[in-house]
Amino acid sequence: MKSKKQTKLLLILDGWGYSETIQNNAIALANTPVWDKLNQTFLHSLIHTSGKDVGLPGKQMGNSEVGHLNLGAGRIVKQDFTRIYNELQNGDFFRNPILKNSLEYANDNNKAVHIMGLLSDGGVHSHEEQIHAMLEMTHKQGCKNVYLHLFTDGRDCAQKSAEKYIQKFEEKMAILGTGEIVSIIGRYFSMDRDNRWSRIRCAYELIAKGKAKFLAQSALHAVELAYARGETDEFIQSTSIKIPISIKKGDVLIFMNYRADRARQITRAFTDENLQGFSRGTFVPTQFICLTEYKKDFNLPVAYPSSKLNNVLGKYLSNLGMTQLRIAETEKYAHVTFFLNGGVEQAFNGEDRILIPSPDVATYDLQPEMSAFELTDALIESIESQKYDLIICNFANTDMVGHSGKLNATIKAVETIDSCLGIIHKAMFAISGEILITADHGNAEQMINPKTHEVHTAHTNNPVPLIFVSERKADISEPEKGALSDIAPTLLAMMDIEKPNEMTGNSLLTFK
C-alpha cells in the first residue's frame, strides 16, 4: 500500500490583483467571507507580476503566459516581447535570417507577402511596433505585393481603440509607400484557443479566400461600420477592404503574434493538411512563418525559436521521483501545463493532468461561474486521494470574466471563487496539507480605467496577493518585495527541498 502524501497545493487565482481603491474593484465589492477569513488568519503579503519583475520591458503589464513561465521557472524569464523589442532597438530584427529569407523567396518567385497579427500596443500577444517593423522590412527588401490582415484587440487595451492603431499604421504605409490593409477581424474570431473552430473558420476564410461578412472602403471605414453595428474591437466581424484578396499557392504568410496559446489554432488552419476543426475545401499551401515557436511539432520556420529552461519546478520534482498534478479548465489548461513547464508540451514523469472543459458560451460574463465548481469537485477528489506531493490548480474566473469589462458579472466570478476556496480549505485541513494562494497578474480589481473612465478589460500592473494557509509557524522573508519567480523556491521550501542552482528566485517564507 502506497503511503499517503503530505500534499502541498498552489492555487493560482488568475487575474486576482490587489488595489486599495474600492470603486469599480470587483474583488473589493464582492462578498468574500472565506477570502477575508484567510487574510485575517494566515500569513499574507503582496508580490509583483509585471515589467522587469517578470522579464518584460519597463511597466509592461503581466499576462498569463509570462506569469506561469515565471511561476514554474523559479527565475525571471526574459520574454519574447523583450527579446524582439531589444532587437528592434539594435537593428538585429531587420537582419533576422528567417524573416529575410522568406521575403527573398517572395521576390525571387514573384509571390505576395501577407502579414497577419494583432494590431495594438497591449503587448500581451503582439505589439504594433513589431508589425510596423515587419512592414518596414518588406520595404527594405523591395517586396512588391504586401497585404496586411489585421486583428483588432479591445481586450488588452481599450474596447474601442482600433482607430488610433490603424491611423498610425496607415501613416507608416504612406511614408514607406508599401503595404495595403486588405482585411480586418476581431481577435474573438482569429485568436480562439478553446477549439471553437467556427470562429477560426471566419478568420481563415477572410484571410485565405477573401470571404467576408462585410465590405468596407478602408480599414477605418471597417471599424466605423463595426461600431455602428454595436461591436467593440474584440468582436469586429470579418470585413474585406475594397476588393477581396485571397492567398495564392506559395505566397508568404508571416504571423506577427508572439504568444503561443492563441496563435495555435489559426496557424493549424493554414498549415495542417489534415485539419479536423472545419472543412477548408481545397488546401492552399503557403510559406508560413511563425514569429515565435507556437508548438514544436508544427515543424514550421520560426523567426525567434524558444530557449530551453533547465530545472523548472515540474522537471526538478520529477527527477526527485515526486508526484504532481496540474488541474485547470480549458481556458487556462495550457498555462498550468505547457507554460508552467517552461514551454514543454509533454507531461514529466509523475505528473498527472486533469482538464475540465470550459462552458460553451459566447462570452464568460454570461456564465461567470465558468466551470469552477466542477473543477473544485475534481480537485477535492485529488486532494483526498493523498497521492500527490504537489497539486497546482488555476481558477480562470476573475481573469476571463474580468476581460468582459462587466462589473456585476466579475463580482459574481469573485464570489464563485470564494465559495470554492472554502471547500478546498476544508479538504486540505482534513489531510493536514498546506496551501499557497497567489495570482499570475491583476485584472478584476480594476474594471474602469481611472484616467479615461472607460471600461477596463485589460490586465493591470497591480501587485497580487500571497497567502500561506498552514498551521506551521513562518514569516514572510521580504514583505511586498517578492515576485512570481519566488513562488517555485517557496513551494520547494514548504516541501523541505533545496532549490536547484538554476532557480535564482528565493523562498518568500522563513520557517521557525
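Glycine is treated like the rest: Cβ placed from N, Cα and C.
The substrate site recorded in Swiss-Prot includes H125, R155, D156, R187, R193, R259, A260, D261, R262, and the single candidate from K37, K52, K59, K332 that the record places there is K332. Annotated Mn(2+) 1-binding residues in Swiss-Prot are D399, H403, and among H425, H453, H459 the one listed with them is H459. Annotated Mn(2+) 2 binding in Swiss-Prot involves D14, D440, H441 plus, out of the candidates S64, S404, S485, the residue S64. Between the alpha carbons (Cα) of R193 (substrate binding site) and H441 (Mn(2+) 2 binding site) lies a span of roughly 20 Å.
The binding-site residues shown are D156, A260, D399, H403; of these, the one with its CA atom nearest the CA of H441 (Mn(2+) 2 binding site) is D399.
Highest local Cβ density among the binding-site residues H125, R193, H403, H459 belongs to H459, counted as other Cβ atoms within 10 Å over all protein chains shown. Candidate binding-site residues: D14, H125, A260, R262, D440. Nearest to D399 (Mn(2+) 1 binding site) by Cα distance: D14. Cβ neighbour count within 10 Å across all protein chains ranks D440 highest among the binding-site residues D14, D156, D399, D440. Close to H459 (Mn(2+) 1 binding site), meaning Cα to Cα within 10 A, are the following binding-site residues out of H125, D156, A260, R262: D156.
Proximity note: of the listed recorded positions (D14, S64, H403, D440), H403 have a CA within 10 Å of the CA of D156 (substrate binding site), given in sequence order.
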